[in-house]
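Undergrad: What TrEMBL shows for this protein is this:
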- A:39-60: transmembrane segment (TRANSMEM)
- A:72-96: transmembrane segment (TRANSMEM)
- A:120-147: transmembrane segment (TRANSMEM)
- A:196-213: transmembrane segment (TRANSMEM)
- A:219-239: transmembrane segment (TRANSMEM)
- A:275-293: transmembrane segment (TRANSMEM)
- A:313-336: transmembrane segment (TRANSMEM)
- A:348-372: transmembrane segment (TRANSMEM)
- A:408-427: transmembrane segment (TRANSMEM)
- A:433-455: transmembrane segment (TRANSMEM)
- A:462-483: transmembrane segment (TRANSMEM)
- A:503-524: transmembrane segment (TRANSMEM)
């Protein structure tokens, strides 16, 4: 029960932060959506990092390392250190400047203006929203799962079926549809039911985004990023000491690593071509709509410098402990029971719980929730901003609504999106890592469009339509072919000569969208001279 | 310097594909799998490279300050 009080206290603290931020707000839509462009280097670093690190980085990476070994770090963490900063540098800074110059609040506004096409918004808006929803789903689902696992009791087999010992809640405390069979495989096992925990997390994030807007989100992100980084390191230290059983930290590190199964020490189970094509996945950062909005909050172009430089190191600080915990869990010193091993998303929560220290379990759960919520908030706010700016104000007329109506519409759309995401989370949970990779792959396939819009004069609106439609078309076709992420090892075989290479779907998507963009842009009418003069003033 | 920095970015991408440690089971300092240690090096290398990029390749008009609500 102690861990529940700690989790509750942490959530209450976040609510206070949201209310506090709302008192500093200026009451304008610009302040609600972009914090009046007042975010300095440190808060920008923390909020950009907190937004890009989610359940995927903590829960997903530990589970995936448990399953596939240390190669997971190279597949996504070290590559992200190179590619994320590249995106901040080559896209973030120029887009921030254009946003400043022309007053953009959303990606769709930029693309409408840059491509001189009103209707590009009709194609881009639903695609971006559809791709953000799986990303939200990862967070909502993982938060529920994590809270459930750390508050569960121990299931003991008996003559009259399984029973639960040391349960936080007795059977019948919650309605049976939430307990889902209580002591059964899919049951709540005496913990907070998964769906209830997810609902509480949605409610908390919704509340502080609702009241605090972008200022509240940036503050909460900064605070939560510090919380999950510090608690992550504390968790790593304590788990190392507990699992190793020796007195010295270094001796425990060595003892635990000596227990790693040989196949998890290497990348023998990962094909070199698949590893190489994973490099395309982090390109998604260039097209995340919530990150675009965060970029626009910067106080100055110089504010980006710290984020560009420190982001790879922060990724390392968060991911390395998680990867080590994952591969240690695969060894003989950590006895992961088969039901947990069958669901790698639960491995980290199981390890935290296995310390037998409820205070620690509560604090560490708060750390994991911090990572999850620091992404959810930006995504919720961004979708609200997109709806009001790109649909309501764009089609309804900017002068028809007051600033207050503007903010309230954003809030109403945020509630609708949270409800929709929560509804999807009630279904069969997919692997966090796999779902994350699919979501990121969709955004990555739109990266060529962002890059060309900033740097290529030859991009035409028809080329942009072709890029978006090809990207979403190939994404849906391949996602369906993978059984909607059911086949976690899904890859595309490419035969060159007598050798067949496994290629990640993202590589095919990026290639297809790039070819579509180039071919269609070359054969369709060039953009107007005044549009080019507006976006490429030095080269006309 | 601009070309050097972009050359370093390309080098990092090449070094990222470390086939030479693919099946190497050695532990650095007795606890860090060598493949993981190498990629931690890539992360540190990326940070250094991006530091050089912000120092030598940053756009010339980098002192731009935000105006409330943008200029539009």
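Including glycine, each Cβ sits where the backbone N, Cα and C put it.
The structure displayed is predicted, hence computed values, not measured ones.
Could you tell me the structural context for the features on the list?
TA: Here the transmembrane segment (A:39-60) has long-range neighbours at 80, 84, 88, 135, 138-139, 141-143, 145-146, 217-219, 221-222, 224-226, 228, 232, 285, 288, 290-291, 294-295, 297-299, 302-307, 310-311, 314-315, 318-319, 322, 345, 348-349, 367-368, 371-372, 374-376, 378, 431-433, 436, meaning same-chain residues at least 6 beyond its ends whose C-beta is under 8 angstroms from one of its own.
Long-range Cβ contacts of the transmembrane segment (A:275-293) within its own chain (Cβ-Cβ under 8 Å, at least 6 residues beyond either end) map to 33-34, 48, 51-52, 71, 74-76, 79-80, 82-84, 87-88, 91-92, 95, 105-107, 110, 128, 132, 214, 267, 375, 378-379, 381-383, 385-386, 437, 439-444, 446-447, 449-451, 503-504, 506-507, 510.
Sequence-distant neighbours of the transmembrane segment (A:348-372) (same chain, 6+ residues past either end, Cβ-Cβ under 8 Å): 1-7, 10-11, 50, 53-55, 57-59, 62-63, 139, 142-143, 145-147, 149-150, 152, 201, 223-225, 227-228, 230-232, 234-235, 238-239, 242-243, 318, 322, 325-326, 329, 334, 336-337, 340.
Long-range contacts of the transmembrane segment (A:408-427) within the same chain: residues 29, 32-33, 129, 133, 136-137, 140-141, 144, 195, 198-199, 202, 205-206, 209-210, 380-381, 383-385, 387-388, 392, 401, each at least 6 residues beyond the stretch ends and with a Cβ under 8 Å from a Cβ of the stretch.
Within the chain carrying the transmembrane segment (A:462-483), a Cβ under 8 angstroms from the stretch's Cβ atoms is held by residues 111, 115, 117, 120, 123-124, 127, 130, 438, 441-442, 445-446, 448-449, 452-453, 490, 492, 505, 508-509, 512-522, 524-525, all 6 or more beyond its ends.
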Undergrad: Which of A:72-96, A:120-147, A:196-213, A:503-524 shares the most C-beta pairs under 8 angstroms with the transmembrane segment (A:433-455)?
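TA: Comparing A:72-96, A:120-147, A:196-213, A:503-524: A:503-524 has the most Cβ pairs near the transmembrane segment (A:433-455).
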Undergrad: What parts of the chain pack near the transmembrane segment (A:72-96), using Cβ distances under 8 Å and only residues at least 6 beyond its ends?
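TA: Residues 48, 52, 61, 64-65, 110, 267, 270, 275, 278-279, 281-283, 285-286, 291-292, 295-296, 298, 301, 304, 307-309, 311-313, 315-316, 319-320, 323, 326, 447, 450-451, 454-455.
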Undergrad: Using a Cβ cut-off of under 8 Å, list the residues of the same chain at least 6 residues beyond the transmembrane segment (A:196-213) that approach it.
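TA: 11, 14-15, 17-22, 25, 31-33, 35, 139-141, 143-144, 146-148, 174, 178, 219-220, 369, 372-373, 376-377, 380-381, 384, 407, 411, 414-415, 418, 421-422, 425.
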